[in-house]
Every structure is written in C-alpha cells, then in structure tokens.
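Take a look at the structure set out below.
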Amino acid sequence: MDRGLSTGTHIGDDGLRERFQASQSDSSLGAGALTAAGEVEAKDGTSQNKKTFGRTPDGTVFTVPQTHDMVSQLLSPSEPKNLSDVIVLAILGAHILLLWWLPDFAKIPVFAVIYLFWRAAYNAGIGWLLHNQSHHKTLVRWAEKTRIFVNPSTNQNPHPKLYNLLKRELETKIPTDYSFEEAPIEYNTWLVFRRLVDLILMCDFTSYCLFAIACSHHPVGESMLMTVSRWSAGIVLVLFNLWVKLDAHRVVKDYAWYWGDFFYLIDQELTFDGVFEMAPHPMYSVGYAGYYGISLMAASYKVLFISIIAHAAQFAFLVFVENPHIDKTYNPPPPRKRMTEQDSVSTSSQATEPSVASASTDEPLPQATTPPSGPPPSVHNLLGFNNLDLYRITDTSSILIQLLVFALTVLTPSTPRYQFLFVANAAVWRLVFSVGIGYLLTEQSDCKAWTRHFLKYGETPNEAWNQWKGTYHLSMIMCYASFIAAVWKMYTLPADWGYGLVLLRHVLGAGLISLQIWTSASIYESLGEFGWFYGDFFFEGAHKLTYNGIYRFLNNPERVLGLAGVWGAVLITSSGAITFLALLSHILSLAFIQFVERPHMQKLYGRSLRQDAGLVKSLKRTLPPTLRQLHGSVDKIFDDSFEFIEELIDTARPKLAAGVNTFVKDTTALFQKYPARVTITRIDEDLAGLDSRDYALEIEGTDSSSLEERGDLKNLVFEYGSPIKVKWTAPLNHSKKDWVSLYRVTDNTSREVSRVSSQGRWVATNEGFYDNLTCEKGIITSDIVTENSEHRDVATGEVIFSGDKLFWTQGVFEFRYHHNGKHNVMAISRPFEIRIRRFDEESFEDNQASVEKSLLPVVRNCFDRDPEIAPETVEEQFGSLVERDGKFAKRVVFAVHQMFGIEFAPEVVRADGTVRNLAWRICNAKRVLAPYSMTRDGATTPTEAHEKDEAFTKARVTAMIRRRTRRDSKSAGRRESQLTIHENVVLRYRAWTPFKRIEYMEGSAKPGNSSHPLPVPIPRQAIQNERRGGKKALTQVRHNKQADADNADNNDVACLSRTPQPSSLERLPSSRGKKRA
C-alpha cells in the first residue's frame, strides 16, 4: 500500500494487527487458528533464513516468495523494472506535467477533481473489489473464467499473448522462489491485483501533493515566527507519518500491506510491537498525520478540508471492507457450549422436581436456585438512541428535561443576566454530577449505602441497581444539557469567517467535540452498561480486568479525551465563562478519577491493575536508559497529551461505524420497503427454440401441522423458517446461467417476466457461472439426465433455500425459474404458504413443557438449523453467533409473537439463552396478561352459539339477582351494593370463558385454573351499562312462565362451560335467609 505519505496503505497492516491482537489474547486460540488456517513455518536450522508457506482455500500449500515494497520497486535503480512500472511512472509524470501546463486559475479545481477521482478509485473501487473477493472470491473466479493463468500449451487459454505478458511481468519482479506456472491461481491473482493497487495509491498520493502545491500560498500579514512554527509543525507531522508507514511495513510486510489474506493465508508470528502498540489502526489514525502537516505547510483551508474528506473515506473503508473480513477470517464465534452428561443429569433431576413456576409470577428463571451475586443480564439497555423507550420513566424524563432546557435557552434573551444564570446553572450541575455522584459512589464502595437504603424498604439489590442507573443517567443528561445551554448563550456568529483564525477555531472545535463523542462511544463499547454505570461498586464477584478496545492503549481515556468536547466549545466560543466551565469540568473529572475510581479499583483489584498503558510503554522504550528512570509529572503530562492524539482515531472508528451502519440499515430498509423494479420489455433472442413446457419446478419442505385440503388438492403449508427443496427440470440445452428465485405471489403480476428484484433470494442452477459464491449456496445437484413422462431426456437438479434466502414472515409464496441470468420466466411452482401455527390456548394450562415442545423446532428453524448455534434440546445454550448477529433473535421474536401473542424485544432472546428460559418467560407473560385477554379474535373468541348461550344464562342470572335484591334489601344503598357484587359475577363470565369450567359463588369466583381472585373491581359506568342491558334481559325473561322463574329463584346458579350441557348446571347455595354482610 502507500509508502511515505500515501493515504491508504495503512489498511492492510492495520487490519492485520487487529487480527493478531484478537488471536494473541488467547495463545491457545491463536495457535489453533494458525493450525486451522494451514499456516506452516519451516526454518533452516543452520541459518537464519526462513521460508514462508501459504495455504489457499482449497488446501494447496505453496512457498510464498519474498517481495518488495511499492516505492522501492518503482524508484529504486537497483530493482528490476518492467512494463507496468513504466506505465505507473508515466502516469505520475503526466500528473506533474499537467500541473506545470495548466493555467493558475484551473490548477486547483482540476487537481481537486483528479485527487477525488483517485481517492474514490481507492476507497470505493478497491473496496468493492476486496469486498467481493472476501465474500464471493470474485477476482479469483474472474481469473478462472478467463483462464488467463492457464498454460497456452494446453490449448485452453484463449489469451496466450496476455499469458506471456503476465508471466514476463511477474517473474521479472520476483526472480527467486517463484514459478508462474506452478504458483496457485490465488497467488497469481493477488500479484496482478498488487499492480493495480500500486497505480491507484501512487496516483492518489501524487495528486494530493500536487493539489497542495497548487493551493499553497503565504498568508498576508503573517509574521515570520508564525511561518516558521507552521512549517516546523508540518514537517514534524510529515516525518512522523513517514515513520509510522515504515514501521508498519516492517511489522506486517507486503502480505498485509496488499490485503493478501483476502486471497490466501500464510504463516505469521504473533508479534505486537512498534506503531501497533501505540495506537489502534495506526494506518487509519496517526498514519494520516502527514496530511494535516501538508495542510499546515500549504496554509490552505482547501487542503485541510479535502484531507478531512480523505480521512473520513478511509475510516469508511475500514468499517465496510476491513473489519467485516477480519471478523469473518480471524474472529469466528467460539463453538457453542455442549451439555455434558453430568449437566444433562442435573438438568433432568431438576425437571423431575415438582414445578412451582405455574403458581408464582415472581419466580426467577427456572435454573435459578440462589439469589444472583451479579447484576441481571442487560436486556433493556439505557444508553443509545436504539434503546430509547418512552414507556420507561428515565427516558421520558430525559427527553422532557432536554426539551425544557432547550425551550428556556431559545426563548430567553442572551443578556448578561441570563448568561450569568445559565453559566451558574451549568457549574452547579457539573458539581452535582462530579461531587454528588462521587460522594454516592464513595459511600457505596465503603459501606454499600445506596444498596442498604433500598434493602431497608424491602427492595432487592437489582432494584437498587436500576434506580442508580436512572439517577446517574439523569444527572449526566442535566450536566451536559446545561453546559450546552450555557455555550449557546455565550456564542455569537462571527461577522467575518475569513478574519484571523475564526474558521480554524471552528474546525478544530468541531473536531474536538467529535473526538469526545467517539471517545465516549468507544468507552461504552469496551465497558458496556455494567462498566459505564460503575457496576462493580454494586455487585461483588470474580471480576476480571480486561484491557481491550480503547483501554488497550490508555488507562483512563476519559481523563483527557473524554473532555475534549468542552475544550472544543472553548475554541468555538472564545468565551472566558466557557473557559471557566471547561477548567472546572476538567479539574472535577481528574479529582473524581483520583479520589473515587482509583481507591475503589485498588481495593477491588489490587496488584492486578496495570501501571502503564500500551502508549506509555512504547514511549518509554524509545527513551535512553537514563531517561527511562524518570517518572515525574512532566513525563505523565507529555504521555497523556500524546495519548490524546492517539485516542482520537481509536475512538473515531467505532462511532463512525455505528453511524454509518445505522445509515446503511435505514437505507436498506427503504429499499426493501420500496424494491427497485426492473422492467424487461423485449424477449431475448436466445429464447428461440425453447419451450416453457419443458421446464418445471417441484417443491418439498417440512409440512406444517395445519395442512388443509380443498377438493382433490392438499394446500402446501410449510413451517416457518424450514428449508425448502426445489427440484427443477429443464431441457438438456438449457442455459448454465439459469437461476431459481423466491417471490411473494403478489410481487409479480406478469407470469412471463419477473419485474421485482429477488433481493438475494435466488440460487443458480449450475456452479461456476456467476462471479459470486452466495448464489451457489444451496445447489445440491445439477444437470442430472433423466427421462420425463414423454420418454425424452431432460436435465434435472435440486437446490435448497434456507436462511437468508427465505422470507422470514407469513404469507403465500412461489418459486420462479429464470433463463440465462435474465428475468424471463420459464416455469413457476405451485403457490405455497408459510404459516406459524397458533398455540392452542385451550390446552395452555401453564404447561411449560408443552410450550417448550412447540417452541424448540421453531427456534431451530430460526437459527437455520446450524449445529453451531441451534440447540438440540430445550436446556442447551444458544450459539454465540446469536449474540453477534441480531437477525436470529428477531426471527424468534416474530415467531413467538405469532404463536403466543406475546411480543418480546430481541434482547430478551439473547439474554435467556435457552429454549427453556424463553418458554418460562412466555408462560409467565401469559399468566400476567391473563386478566386482560378479553379479545374477540384468536383462540379465545366465543362462537355465535356460545354467545347465545351466554346471553340466555346472563339474562336468567340477572333477573334472579334483581328479584332477590328487591325482596331482601331494605335500602337503596344496600341494593346497589349487592347488585354491584352480583353483576360483577355476570360481567366476568366472558373474561373466563377460555377456561374449561368456572364456578361462581356468592360475591366471589374462583376459576379452575387461575390464581386470580374474583370479582375484579369494575367501574361504575360499566355497572350502569350492564344494569341497562339487564333490564332488557329481564323483559325477555318475564315472558317465561312464573313457575320457571320461581324455580330459577330457588335453584342454584352456575356458569356454563364453552359447550354447556343441561347436566353442567351446578347448584349454588341459596342466599335466602342468610345474613348479608
């Protein structure tokens, strides 16, 4: 990649160091990863020479020859030159001549466009190639399809001249340990890709420097001291950038510099030194210091802004290209924990014990037998826009407070009086946030004062923890909201943006604010909710210190970088009051770390605390031995200041990744909601001679238990998420680029052409004819010659749709067979339905075992039946990939909602971790929601016959109650009271109809399968409405014979079950003659 100051080189090295870090964290894992990757190392016992061996994806082992960096290959006279070198040097020379030839007014815009073109070619072009190579092996497949590396002597290479040219070019560059004919295709493809990278990166850096030259000038009125300082700082940054690049290349060599692990894997010692110990992703962070040094020397805002654009584009390259490949290649999810025989025995013994889960709604998870010593699993996090929940009082209060502060800030004038009030308010809230919270944490650390307060009133430690998180969050919101309000009051728009350093101050201030946001995001990413809210002050346990993320390089990043934003506000406002607030904030934050955090950490972790961070160690190693002994405060301040610069980019990556990922997800959702429509108006010429009757599709899947038959055909209803096998039939001369896709029946109105994008839900019929591998996932067999019903030979094959190639919803779908990579439809399958069977609520008697039995196959389908993540039993833990990829939990949440009518958040599925825990949660939710299940749809909906029976019974009971009330009650108040009690019984009849049988006694009721007491209080308006309805029912009853009415008065009254029979009436003791309460 880039040498010297070039911008992009950093990627490969940086990403590789990140991978090494992940592997080095566990030596056994690292060794296993190397062994699994086939990385072999052979050393000569008599010399220091070491040969490197690589392994291709198909297992081929080969010797990786030694190569040289780009700059030395191009510019060193000792290195052999070839045609590609001449072309690159000629293009670079053309750039220089263009700068000399262009007139002055055209130099800046022309070279701005040229540089942006090469930057786009780097970040977008190379990024697209590497992304497809990582996911689909696109570059290697291109080489296989064109056969450019096949020896022409075999008569299989259609480009013999190109073959000879490539052979001469590559062997000239690598004179030893390399044979063009014997090298694997992956390595040769990588060598050709390197030449393209050399061209793009050299042109990228050269055009940037020429653009800076075109923009450079000497500011009018600048003093000599300022000029010397500007150039000195710029030269230092450029030299530092040069050292970063050279040291990075020394560590990772050309293999990672040119993204070699996208093509093959080699042996690589897990070294972690040099620049990679100073900063994360140094090629993306400090590796761009030279750009800002050149901006200083050019004294041009144009160069500064285009440098910022280039830097941001490089971070996007890291987020979308490097990091996904790193995670896929070097950080696969750990294997799922399998249940041992002892665990299964203990689990089964627990299952045989009497279950009391159905009798209590406050019981914890089934496995819990002792109070938890640690915090509850973080399911509903507090921080982040994604976790905003207006049903939660903390979130609602935070929004209302911010709206109130905003309204007061905007609606009040910016007079000195109001400015003083807002600054004083910000200072008070900073004192509350630092001193007040610090005092509470100190008391909690010493004597658990916060937890004891809640225990005194019968609450649990978990409740104390939740209340603490809300208190800390609200105080933090008020602290920063009041500070922003004070900044708003003290800020005035500049009259002239070009005057002095006004624009520079705003740019630097915005950069510092962004730095604090990135720092906070990185700290939260490393610590999580538990660490962010100081969870180790509240829960004691075997806590283990881990220095990952930003803490790998800094011990206390919030000490400097965490307050960068307040100093950015100082730069933007140039206000003494804001400077006072910034100093106050910084002093209080340092005091908080020194007097609150540090004592608790020393008490909790003792000698396991790290003394020096990675950056400090690296700086100490560069000092002479005499200076290494000095550990004064001056050294600390210097180290912390240097760490500030290092942490800038470290914290930038995760925040930028989160923001860009959110943007991509939103855009993807829009495209899915409004899919692009492709209209094909002409029929391909190669369709001539093909008969669509020779094509056919048959589908097989896991039948749902709710199959229906209509006429002679049985409706095709498949289980949610189950793989669907498609058998296709085509003529022997069918195109090898045919493909089968899955659509909703309503997606396409035409049966000749598919006009809607398949959105990735398609599988090719034959392997090796597309440039990606995703479309080949699912191919079982291809071009099996069989005889059809007309005794003609046809080609058949099978493909299977599973995972992301399915629709994870309910509906009616169809498969379509398309011709030659186009959208012409040759065959359409029978429509089939994907349905989630509704759980039978009549058999739902808090029977957790039945819920587990119904839920297990659904969960396995949602997890793609992958043995690494899908559980085999209800007790088995979910695989760790469920935690990483949220799509699996979302599938389960949708299925649970459709099956049981209970809506969970995806975090609940990840937190439960087993089918048994999830089933328990469903049962518990059903018990809690049982009193509110008076719906007119679903399994509990009464039929028309039931409603008639209910109306008849209700009328008889109401009439009897009114007669008793008139005879026995002597006052209107007592009549109304008694009527309320008995009408409660009548009104509650519908609520309990889902149960098998419900008996009602005087003034109380006890459902046969519910622990909820009845009657439930009913509003007076409902009683009045029922009273009016009772009068109508009474009128109907009066038409009956008086004898029947008297008989009903003396008889007991009972409520009927769902299918009432004459024998199902049970007698209640008559209330006549009894004393009424």
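Every residue gets a Cβ built from N, Cα and C, even glycine.
Going by Swiss-Prot, the topological domain containing K51 carries a different name from the one containing T415, and the two residues are therefore on opposite sides of the membrane.
Long-range contacts of the transmembrane segment (196-216) within the same chain: residues 1-2, 4-9, 70, 73-74, 84, 87-88, 91-92, 95-96, 99, 107-108, 111-112, 114-115, 118-119, 121-122, 125-126, 258, 291, 294-295, 297-300, 302-303, 306, 310, each at least 6 residues beyond the stretch ends and with a Cβ under 8 Å from a Cβ of the stretch. Contacts between the transmembrane segment (420-440) and the transmembrane segment (86-106): absent, as fewer than 3 C-beta pairs lie under 8 angstroms at sequence separation of six or more.
For the transmembrane segment (224-244), the list of distant contacts is 4-5, 218, 275, 282-283, 286-297, 299: same-chain residues at least six beyond its ends, Cβ to Cβ under 8 Å.
Secondary structure by DSSP for the topological domain 'Lumenal' (245-277): 20 helix, 2 strand, 11 coil. Shown for the topological domain 'Lumenal' (441-482): DSSP residue counts in helix, strand and coil, namely 37 helix, 0 strand, 5 coil. Sequence-distant contacts of the topological domain 'Cytoplasmic' (217-223), counting only residues of its own chain at least 6 positions beyond either end whose CB sits under 8 Å from a CB of the stretch, comprise 298-300.
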